[in-house]
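Asks: I have a structure I would like to understand better, so I am pasting it below and will then ask my questions one at a time.
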């Protein structure tokens with residue numbers, strides 16, 4: 001009930017404290033709950049104060065998802081989208097251009113990701129708050145306590161690999177698990193297609209890694225590359241590039257953005273002995289691309305440990321997850337138990353043993369790397385069941 005209490009004994013409230021814009025929090029004697037007079041609180045989300053019909057704002061990727069998080073109290077603030085994050089500074093795009101942001105004392109640059117939307121003071125560029133993210137790509141480096149933020153509010157993740165010795169299905173599956181967990185659409189982009197005589201083999205193998213997975217093969221240096229990726233690079237859409245060093249991410253960005261000369265991202269070659277690339281991109285950054293979209297470029301990742309991606313692995317290995325309930329035993333490990341539906345699929349040729357081995361390896365790694373939560377009585381919570389009811 002709002003504004004009244006059903007109780008045999010009535011307690012008089014102590015001195016009220018102000019709460020936000022007009023609400024009051026009354027402190028009741030010890031043992032009684034705090035009651036907020038909700039009717040006095042502002043109606044958040046009732047009417048977005050920042051309009052959706054601003055074409056400049058929409059071109060930055062602004063949408064109803066972010067507008068609905070604003071209210072009348074934000075009328076004097078300016079939306080800004082974070083473009084770069086460095087150790088000591090953050091820059092962002094607004095409808096007026098690029099600005100350097102100031103952060104509150106208790107926050108640091110590690111709390112923000114390229115692609116984030118924030119509300120800032122128009123004169124000081126001080127960040128007042130960050131809006132909720134529609135998606136977030138993050139990873140946990142080996143031995144790290146906290147997740148490293150890669151990119152935020154990404155619509156499509158371009159997982160870039162080349163048609164040479166860099167092509168590694170096991171590594172691609174790690175990127176796919178990360179992407180699935182973030183709620184972002186994955187697209188595998190095969191570069192250097194002009195350097196192989198068997199492009200169809202790479203296309204088939206990449207497409208088999210996940211159901212309904214989009215795979216595009218192209219030459220990153222060709223103007224046709226931008227045409228091949230048009231479906232994901234429309235006005236206001238945001239893509240991100242991930243992959244190993246030397247696969248052509250920076251070259252692809254230059255093609256998508258129509259950059260050359262001084263404005264182009266630096267690119268590097270690969271070693272002829274092993275097709276390994278050299279780092280040319282050293283930080284994440286947001287770039288406008290032709291067609292009205294945005295692209296987040298990221299440094300090459302030599303290693304990618306999986307953690308906190310139980311749901312992402314379920315999507316990646318859907319064919320195994322769907323077979324598991326058909327096994328005779330509920331705790332079947334799909335290794336040697338009688339009546340195992342997964343082993344039956346391998347014998348029938350509808351599932352590869354290598355695929356099962358990679359599922360087991362990633363599942364074990366995710367379990368070992370994911371911090372264990374504890375329940376109210378100290379009981380451990382299985383990470384794979386964390387968000388299940």
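Placed from the backbone N, Cα and C atoms, the Cβ positions cover glycine too.
Values in this document were obtained by computation on a predicted structure and should not be read as measured data.
If you look up TrEMBL, you'll see 146-304 marked as domain 'CP-type G'. Here TrEMBL flags 152-302 as domain 'EngC GTPase'. Residues annotated as GTP binding site in TrEMBL: 191, 192, 193, 194, 243, 244, 245, 246, 247, 248, 249, 250, 251. Summarising the annotation, TrEMBL assigns Zn(2+) binding site to 327, 332, 334, 340. What TrEMBL records for 362-389 is region 'Disordered'. Taken from TrEMBL, the feature compositional bias 'Basic and acidic residues' applies to 379-389.
Explain the structural surroundings of these features, please.
Replies: The average pLDDT computed for the domain 'EngC GTPase' (152-302) is 87.
All protein chains considered, the CB of residue 243 (GTP binding site) has 25 other CB atoms within 10 Å.
Around residue 340 (Zn(2+) binding site), taking its Cβ as the centre, 21 other Cβ atoms fall within 10 Å, counting all chains. Taken residue by residue with DSSP, residue 340 (Zn(2+) binding site) is part of neither helix nor strand, so it is coil.
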Asks: I need the most crowded of these binding-site residues: 249, 334. Count other C-beta atoms within 10 angstroms of each C-beta and give me the top one.
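Replies: Answer by Cβ density within 10 Å: 249.
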Asks: Sort the binding-site residues 327, 332, 334, 340 by C-alpha distance from residue 245 (GTP binding site) and give me just the closest.
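Replies: With Cα distances computed to residue 245 (GTP binding site), the winner among 327, 332, 334, 340 is 334.
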Asks: Count the Cβ atoms, other than its own, that fall within 10 Å of the Cβ of residue 327 (Zn(2+) binding site), considering every protein chain shown.
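Replies: By my count, 19.
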Asks: With every protein chain in view, what's the tally of Cβ atoms within 10 Å of the Cβ of residue 245 (GTP binding site), excluding that atom itself?
Replies: 19
